[in-house]
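Contents: one structure, followed by commentary.
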Number of protein chains: 2
Amino acid sequence: MTDLKEGVCLKGFWLNHEHCCWKAETPFENRDTCSDWRIWSQLIIGTTEGAFAYILNYFMYVIWALLFSLLAVSLVKGFAPYACGSGIPEIKTILSGFIIRGYLGKWTLIIKTITLVLAVSSGLSLGKEGPLVHVACCCGNILCHLFIKYRKNEAKRREVLSAAAAAGVSVAFGAPIGGVLFSLEEVSYYFPLKTLWRSFFAALVAAFTLRSINPFGNSRLVLFYVEFHTPWHLLELVPFILLGIFGGLWGAFFIRSNIAWCRRRKTTKLGRYPVLEVLVVTAVTAILAFPNEYTRMSTSELISELFNDCGILDYSKLCEYVSDFNSTKGDDLPDRAAGPGVYTAMWQLALALILKVFITIFTFGMKVPSGLFIPSMAVGAIVGRLLGVGMEQLAYYHHDWTIFSGWCSQGADCITPGLYAMVGAAACLGGVTRMTVSLVVIMFELTGGLEYIVPLMAAAMTSKWVADAIGREGIYDAHIRLNGYPFLEAKEEFSHKTLAMDVMRPRRNDPPLTVITQDSMTVEDVEVIINETTYSGYPVVVSRESQRLVGFVLRRDLIISIENARKKQDGIVSTSIIYFTDHSPPLPPSSPSMLKLRSILDLSPFTVTDQTPMEIVVDIFRKLGLRQCLVTHNGKLLGIITKKDVLKHIAQMANQDPDSILFN
Amino acid sequence: MTDLKEGVCLKGFWLNHEHCCWKAETPFENRDTCSDWRIWSQLIIGTTEGAFAYILNYFMYVIWALLFSLLAVSLVKGFAPYACGSGIPEIKTILSGFIIRGYLGKWTLIIKTITLVLAVSSGLSLGKEGPLVHVACCCGNILCHLFIKYRKNEAKRREVLSAAAAAGVSVAFGAPIGGVLFSLEEVSYYFPLKTLWRSFFAALVAAFTLRSINPFGNSRLVLFYVEFHTPWHLLELVPFILLGIFGGLWGAFFIRSNIAWCRRRKTTKLGRYPVLEVLVVTAVTAILAFPNEYTRMSTSELISELFNDCGILDYSKLCEYVSDFNSTKGDDLPDRAAGPGVYTAMWQLALALILKVFITIFTFGMKVPSGLFIPSMAVGAIVGRLLGVGMEQLAYYHHDWTIFSGWCSQGADCITPGLYAMVGAAACLGGVTRMTVSLVVIMFELTGGLEYIVPLMAAAMTSKWVADAIGREGIYDAHIRLNGYPFLEAKEEFSHKTLAMDVMRPRRNDPPLTVITQDSMTVEDVEVIINETTYSGYPVVVSRESQRLVGFVLRRDLIISIENARKKQDGIVSTSIIYFTDHSPPLPPSSPSMLKLRSILDLSPFTVTDQTPMEIVVDIFRKLGLRQCLVTHNGKLLGIITKKDVLKHIAQMANQDPDSILFN
């Protein structure tokens, strides 16, 4: 569909340019111009020459782009509003224990699958990786409904989702190990070893299925297979670290700008016209992209070309070097002087860079499925390739400089610009997402470049440091905060000296905590409490005087039980006494019959003492995934701390507005 | 030193065979016989021919082996008894919160480093990887002492140890990512994301340092670099899974036999003669190993040779195929008929396999540093290579069989025996250690064979399944249980329906829990309690009647505080009342002065109710790394559950002897 924007294949409109010309008997150099593939102007007015043909092609390109994106945004808006975006912030939130109904449902699955294809082919600056993780999680969630064990158990279902996320990345990149690590590092909240092992299995099956389908026709799983012939030199770490710094700066810049724009969309009128917004961005992208061949091609093709090391058989502009065939031995080309093609390519790449940098800010967060991996990698790969070619030419013309002496003599192949592109891509992706181990693993699973772990690691680290120095949050965490999801960040340490008593409710001057006694309250008393408060649960104590904690009862269970009892059980009236005790005393015959509710009482509520440091309380909330925790002093119930209280307290301590936790 | 067993280099005794002959102007085929390298018989009696020369070489080989191992075991026994074994079970236990004094000290570091070299060069069937992890953890622990932040904080120090373990594997295998994952999957107990990120940094620096030193002289980090030219076929998964099954069976067999032997050593007289044991095993190994060239060479060399794909330039016996040079194109050799050399090699490898399988059982656990990675990989690699050559010959002679049709025509290169060796090595290593993701990553970092993720994953999975079906524990867990370390396994779910009240002490008919009251006990009362019980801490309650919990005080702190007070504080006598309260009442002037001990009271002890399911209690102990937890009922203190109680209960529920948790 991406190629439909440029032309059509006469053998079948569903064939792309490459597959259309696959078996044509044209010589290798002219493989791009086979007779079956017709550019639009060729098909309509019979020529590809002249200004009119160019304008016609331009027009068709923009029209197709608009058509695809209009279809995509309409489907999303009409059928599944949750299908937009990358989905990773929401999946992180869901895995941390929050429930968003319908977010992983079948409509989201169907619509996201279709619109993802449309969005990618419309030529917008977005990728398919994040949305594929969301799609995989939808599949996992739907499959869970088939098994009672998983349908009934939230925790087990979250483990399935962790494994699904791994499988999603495994398929998106052909990177099974990277997928498992991505799920561990970026997506999952709580990742026990048995989940690691199950995710590994899911990723294996996913990779195996992909291998059986053989989508790239070359028995390889990897998307951008590269084979470099030259080892890197220690001194090259300097440019690699420079790329890391750029990646960090770009990541921080992108996150700030994107969040600012998304906040604007949330708070101003802009948010009311999602279709118009998508169409405008698509039009701008298409109009600016068409004249430059590096933006006109799909972003994956661009990355693939940038990663590629120029061989003898490469005829792309990026490989137009002044060849000196005397010094060529076998496949190993020495560093050569750049030809005019390379210089043109440099300019075009620089322009492409500017376009990608700015348009991605406006694209990510629109009402279409949109991933960030591919655009980030493209930005990094362009910068890396530019730097790589620069280094190469420097080494070629100035191989007598001291820094090159000893490892880069004349006629040697010392600099591989493709490697710089790879390192740059890793750096930018790291700056945006703040991944470390998973990033490096994905990068080398993606390219097969196992020799280059150290450069990739160095760039990923630098990029994370630089970006963290500017702003602590990765793009997904930033979007979680923007949307006000109740997500308790597990990465940062809470190191303030506050105590549980400073955070619990009721505060010092508030009325005392609303409690229910175990054997002295009537149905009416409890109903008054339910109506007057909005808490989701109430502690049950021995008596108001002793305040000794017995258990915790959920509002929902209380309402349902009382309702049922009033309907079905004889003699339950407003003055009936509710018993939460194991044994109830014999009642005088005149009194109304009693309501026994021990079965709905949670007898093991979580407690901490009022003197517990908040550092430990935060740790307990994170590790045990609690929603609330009761606070006691010398065995007496004093108050309650909810997840919301913890989140607000953390925000307050970090000098942020505690009310930014919106829970909307 | 390994090569010293065979001969000596005249240019310098510290040079090994390969380095000695590095620059000799001998032709490529004869590189093994340069003039500077003298086999012992050559040096002593001037010839390498004849029975006497052979016997002399044999004798020297055994003597050197005995010398090295004697030195190793004497040093371990004399200076650092903790330097023996692989150290990984102990490090796992330490990371789970148990303290073994001196285990990570400087003497262990020094002696283990020296004796590891000796043990490996003695030709025993052991590897250097596990001990290197121990050595790295010693370094980490010693460095911790330099910084107050780490010296004072156990939890922080454990994070450093996790990172050190990653660095250790990173150096041992040249596998930085594999190291991080090994630390995550196998070694660390609690591995938060920030540890992941720090381990990654440590592993990066380790890999970078290794790369700068360039130990293999080829700018590569990897130990056994292989480059295969043929993609694998889906049908080959059948033999790969067979290898997985073998790996699992071998792993389970090895663990059972090794544990049985180690238990025998622990319980019988055998354990009293560690030096003799090491010498006997070394002598047996050396005597049986010398006649077979595949056992005479070092195990790493053997693995390297088994992984290698035969090229045109390989002159080893394993590559003695009947060459048909007409069908050879470039580097790609088609499958060929095996020559006599291959058949000889097969027999020798089969014998080597038998030796390795049995001798490793007796070697692992002796009083010398010994890793398991290399021997396990060797066993798997031999079986894999045998199967690979078998498959290759099958495909060569029967390429008309249906199973080969379509992918293995005559003259094609369809089977790569080296790949089978690689898969076999992964399967056996997986069977012994039960690693999954880290194993696959280590294997492909080790070999550079990124294309073979799916075969490696399939073999690792099968092997884990098969081995788990026979016995749940990996070798490290089995050794932890053998030694009775208090290690709370985090991998298995506890799914029994018992409650906290079933596990807590005191039991139903026992005397009540020993408690201290907050404001009514005298110094003497407390001293009586300390002398009469051996608990490591006591709960403090409001009063004996109310039993409402105030806090928890450690025995050690109590003893020190009372001692200090008696010495330094005026008026503290046996009848002085100890106050744990915030404010103490005014005392009548006649009474002895009081002792205020609120400062040593832990005001936030961990509590659960008696009705809490043990499933949750076990989870809390694991995730929060607790040592004890108090049990309450309706706000009153009932009992206490210690880590030991939890471990005993788990053993009991699994129908094991609860007293096998020895804590020795």
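Every residue gets a Cβ built from N, Cα and C, even glycine.
Matching B:160-184, B:185-209 against TrEMBL, the residues noted as transmembrane segment span B:160-184. Of all ranges given (B:372-391, B:412-431), TrEMBL attaches the label transmembrane segment to B:372-391.
Looking at which of B:132-148, B:160-184, B:273-290, B:372-391 has the most CB pairs under 8 Å to the transmembrane segment (B:58-83), the answer is the stretch B:273-290. Sequence-distant neighbours of the transmembrane segment (B:372-391) (same chain, 6+ residues past either end, Cβ-Cβ under 8 Å): 86, 125-130, 172, 236, 239, 242-243, 246-247, 250-251, 254, 294, 299-300, 302-303, 306-307, 318, 338, 342, 346, 349-350, 352-353, 356-357, 360, 363-364, 415-429, 431-433, 475.
Across B:132-148, B:160-184, B:273-290, stretch B:273-290 shows the highest tally of CB pairs under 8 A with the transmembrane segment (B:345-366).
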